[in-house]
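What follows is a structure written as structure tokens; I'll ask about it next.
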């Protein structure tokens with residue numbers, strides 16, 4: 001049985017979390033409050049309508065992050081307890097940390113921060129970046145390292161998201177650039193700096209079993225079902241939200257079928273790879289997020305979903321081993337294939353969609369590209385602020401560049417900080433093992 005590290009290292013986690021929660025209690029007591037109850041019937045009805053229209057989407061996203069993503073990470077056979085628990089812990093920690101930072105930066109007025117459901121939702125979107133990034137180092141990092149990583153990543157994400165959306169005016173309703181691309185390359189930067197130039201050998205506890213792959217596939221199915229809510233929740237209710245839901249469903253359906261085709265063709269015996277199914281089926285949801293509410297025909301959503309699945313499967317089959325050999329880059333969950341490559345593909349598609357829509361608005365093409373219930377000229381005028389299609393296309397490309405550059409640099413710096421001995425990185429022989437952090441009741445105690 002694995003011998004755990006010294007007791008004082010295990011005390012780091014409750015001390016870290018206890019101090020954090022205590023500080024947060026004090027901060028909320030002094031500065032955070034709810035909006036005052038509305039006395040006007042019209043205002044009350046408006047608030048009720050907003051809550052009833054948003055909360056079902058919010059619940060879907062909660063199921064995605066807590067259950068779906070948690071189960072997706074259980075492909076490591078002896079790390080299931082840790083994967084689920086650390087995912088749940090990081091979600092709550094990162095959401096509260098994002099609430100504090102966003103409140104101080106954007107919502108601090110007259111000494112108070114007024115909390116509502118929309119602010120909580122935005123904080124959960126910030127937490128998603130952490131949940132994706134830790135996939136690069138899953139199983140080889142301690143809980144304290146993961147918490148420090150979240151502490152560093154959230155403020156960098158908020159800053160980059162502000163630059164991309166507020167300053168550059170990038171259109172990214174589903175977070176393809178701001179969330180998926182950023183979190184992927186932040187996690188890869190952390191991995192590169194944390195593990196250095198040493199190529200990580202295959203660990204004996206790292207190989208999935210049929211049972212662990214089955215649990216992970218259940219997580220994929222849950223994510224697949226609820227993903228349209230993640231993309232559409234921030235859209236304007238009505239036509240834009242309807243269009244985003246339809247495009248996401250089409251893209252994910254195409255990616256699921258294409259994953260089966262690509263995986264079967266790449267395997268010599270024609271059998272399917274569980275890893276390909278677990279990730280490729282979701283690639284369409286990653287890629288479509290940036291263009292989900294843009295003017296585009298339904299066939300474009302199907303094509304983007306299929307292409308993203310091909311890119312994801314090819315990444316697992318060829319690119320991940322190549323990066324491991326040439327760059328000694330460790331990517332435990334393959335986040336580069338699921339979030340990075342489809343994210344870049346989606347960002348490129350947004351540049352093309354903006355240029356095509358601008359031509360349509362000028363009368364060069366028919367109105368086939370208009371979204372549900374609208375026309376391309378109205379969309380261009382309303383969304384692009386008079387910049388024109390060429391200017392907006394440049395902004396889309398610039399947003400991708402900012403997300404890539406900021407995430408890689410910040411990830412490398414954070415990974416260097418995680419090498420501090422006080423953060424209790426587990427020794428190699430104890431990686432990917434729940435017994436390091438959990439009391440497993442059915443295991444026989446060693447003498």
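Every residue gets a Cβ built from N, Cα and C, even glycine.
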From the ranges 120-141, 274-295, pick the one that TrEMBL records as transmembrane segment.
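Checking TrEMBL against the ranges 120-141, 274-295, the transmembrane segment one is 120-141.
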Across the whole of the domain 'Ammonium transporter AmtB-like' (24-420), what does the mean pLDDT come to? Round it, please.
90
Looking at the stretches 88-108, 299-319, 397-420, which one shares the most CB pairs under 8 Å with the transmembrane segment (340-358)?
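The stretch with the most close Cβ contacts to the transmembrane segment (340-358) is 299-319.
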Could you check whether the transmembrane segment (120-141) packs against the transmembrane segment (54-76) - three or more CB pairs closer than 8 Å, residues at least 6 apart in sequence?
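Yes, these stretches are in contact.
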Under an 8 Å Cβ to Cβ limit, what residues of the same chain, 6 or more beyond the ends of the transmembrane segment (162-188), are close to it?
125, 128-137, 153, 156, 230-232, 234-235, 240, 244, 248, 285-290, 292-294, 329, 331, 335-336, 339-340, 342-344, 346-347, 350, 354, 383-385, 387, 392, 395-396, 398-400, 402-404, 406-408, 410-411, 414
